[in-house]
Amino acid sequence: MFGVEPISFCEDMTMIRPRIIVIGVGGAGGNAVNNMILSKIEGVEFIAANTDAQALGLSLADRRIPLGGYVTKGLGAGSRPELGRSAAQESIDDILTAIDDANMVFITAGMGGGTGSGAAPVIAQAARERGILTIGVVTKPFHFEGGHRMGTAEAAIEELQHVVDTLIIIPNQNLFRIASERTTFIDAFKMADNVLNSGVRSVTDLVVKPGLINLDFADIRIVMSEMGKAIMGTGEAEGEPRAVKAAEAAISNPLLGDTSIAGAKGVLINITGGMDMTLFEVDEAANRIRTEVAPDANIIFGSTFDEKLDGKMRVSVVATGIA
């Protein structure tokens, strides 16, 4: 349905890498991007886009794009999605210039406010129309934020899911499943951001890092293109049986609710370990996940090395086409 953008060459021309961009839209999206940058994820470019000039000034992103200077004057969208939408439309040429030769774009935003709810669908549609593999990763409000904000969020999600290839939804209310009475507000949101972080890392590691089994970008596109709703999960474990424990943690992410990977049409599995990781362990982890999905699911599998993980294994799963 959509064309594939040409892939850019690395400076030394010895290998080809896809250009992957994460765009944080609005305040929550900008915070998620900052947390990803601080985690030092490799092989990704970052863009922050916001109607709030003050918040944009605090971004750590490679590129910062003010949205709707004429319609918002840099003062934000004031919880009005229609203003966020107009702001994105005003600045869409700046967005398209920044992502013009990208192969994959993750768009992250908080749903329920003005900028994220209004601007994210506009940006997603523009990216996808350019043939860019477009993934949305968004949060839904806490219950205590009220019915009006939740209604705004649900309307924005309904719009967004029609203009992205794959959409991951993280209900903030589910943070209570993993938070304790001592968990700070900042740390709680970092937990939600880790879903985005692990999902992006599971893709980039497979095409950037050396490993037993590497994937090319075409494999990833097959699993994530035009797939609708998805879930992401990452598990890390040490000790025996670390492979199985990591796999089970990856497919039981409490932040994503009660959604199961059982009905997934496509599954991307990334198994990462140190140089002590054995072929038997890779087989164990992959088979543990495979037993959870339908026999006809399209499973794309890769395994990479990370010297920092000696003694540990990390399993990441992206399951797409969730009913």
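Cβ atoms here come from the backbone N, Cα and C positions, even for glycine.
DSSP classifies T115 (GTP binding site) as helix under the three-state reduction. T115 (GTP binding site) has a Cβ environment of 34 other Cβ atoms inside 10 Å. The feature GTP binding site is assigned by Swiss-Prot to G27, A28, G29, G30, N31, G114, T115, G116, E145, R149, D193, with similarity to another entry given as support.
Here the binding-site residues are E145, D193, and the one ringed by the most other CB atoms within 10 angstroms is D193. Its Cβ taken as reference, N31 (GTP binding site) is surrounded by 22 other Cβ atoms within 10 Å in the chains shown. Of all the binding-site residues listed here (G27, G29), it is G27 whose C-beta has the fewest other C-beta atoms within 10 angstroms.
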